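Noted in TrEMBL for the protein shown:
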- A:7-114: domain 'Dihydroneopterin aldolase MtpD C-terminal' (DOMAIN)
- A:15, A:112: substrate binding site (BINDING)
C-alpha cells in the first residue's frame, strides 16, 4: 500500500482526536459543585458516546480539584480541563485504539494522548 | 426611593437573565440522542442550579424535535436552543421571579421571557 | 401600575443579563495568546452586538493575565472569565441600562453587575 | 517497526482531529450576522492557530447559509457547523497532514475528513 493512502489506522486516531477536542470545548466552563459533579460526568460520557467511532468512554472529574476551586462566597466552580480524566476506545473499520486525556502535572497541562492500538 | 437606585427587583431579573444566557451557550451543540437526552437534561438543570440566585430550575428537551433532527447516517443530533424548555425561579433579597425559555413558533425563535414576579 | 406588572425596566435588566451569561459561556475556553487576543476581543464584541437590546458593547481581555497564564511548553492559554472586562449599554423600550463584568479580586470572581439606569 | 508502536503519523491525525473537534464545539452557537461574520472567521482561525501542531488554518463561513438563517424578527442567527469550511495543515515530527471540515449535502452533515499526508 502506498504510504500516502489514508488507512483505517489514520482515521481511528483522527476520529478519536475529534471526540476529545469536542468534549473539552463543549463542557469545560460548566458550573459544577460536589453535589452535581456526578450528573455532569454521566452527561458528558453519554453525550460523546453517540458520536461516530466511539466504542466506549468513561469520564471522571477530580473531586479534590473541584473542592479546592469552590468559590468561598458562592460555593461552586467551573469545570476545567485539568479536572477531567477521559478514557476512550475508538474504532474505525477493523482498527481499535485507546486514547485519553489526563492532567499532566509536569507540563501543567490537560494532556490528550494516544495510549495504544490493537 | 429614587428612580435610579438599583433594587432587588432589578437584580433578580438581571441574575435570571444571566442564567438563561449561560445555560444556552454552555450546552447547545452537545451531541444528543433519544437514549442520552435524559442525562443531558439532568446535568443542565443541576449545573445551573449551583449558581447564585437560582431557587429552582427544570429543564426539558423536546424528544420529538430530537427525533426529527437525528442524522440518518449517524443517528444523533446536536442540542439546539429550540429544543429546550427551561423554567427558573430566581431570588434576590426578598424578591422572587419566574423566567423561562421556550421555542416560539411564530417568531421561529427560542424565546426567553419574564413570566412573573412575586 | 400594579407592582406585578412587568416593565421595560425589568426587561432591560433581564436582557442585559442574558447577554453577559451568553458571552461568558460561549467564549471562555477559547485558546488565546498575546498575538491573537485582539481578534478575539473584536469577535466577541461584534458577536454579542447582533443580539436584541444591545446598544453598545466593549470587550477587553487583560493582557497581563493572559501573559501570566501562558503555558511554558505550548505558549498559549485559554480565555478565562476573570480575564474579561465587558461593558454593555442595553435598551428596552425607553429604558437604557449599563451593566458590566469585571474580575473582583476580593471575591476572586468575575463579577457581573448592574452599574446604572438612565 | 512493530505495528503497535505509535508513530508521528498516528499523532498528526490525532492532533488534527483534536483541533477540528475543539473549533466546532467552542465556536458554534456564536451569534452572527452578515456584518460580523468576518471578525468571527478571523478570531476562530487565530484562536485555533495557537494550539500545538497547527501549521496553517483557514476558516470561512458560508454567507449564503448565514443569510438564509437570519431570523426575520431579530436579524441574526447562530454559527452552525454546516456553515463552516475549515482547512488545516497539521505537523507532528516530520509528518504533515491536511484535514478539513465542510458541509456534506448528501450526508446532511458537517463532515470532518483527512485529505492527505505528505
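Using N, Cα and C of the backbone, Cβ positions are placed for all residues, glycine too.
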Inset, instruction - Take the Cβ of residue A:112 (substrate binding site) and count every other Cβ within 10 Å, whichever protein chain it belongs to. - result: 25
Legend entry - Three-state composition of the domain 'Dihydroneopterin aldolase MtpD C-terminal' (A:7-114), taking helix and strand from DSSP: 43 helix, 37 strand, 28 coil
Legend entry - Neighbour count (Cβ, 10 Å) for residue A:15 (substrate binding site): 25
Inset, instruction - Can you check how the pLDDT averages out over the domain 'Dihydroneopterin aldolase MtpD C-terminal' (A:7-114)? - result: 97
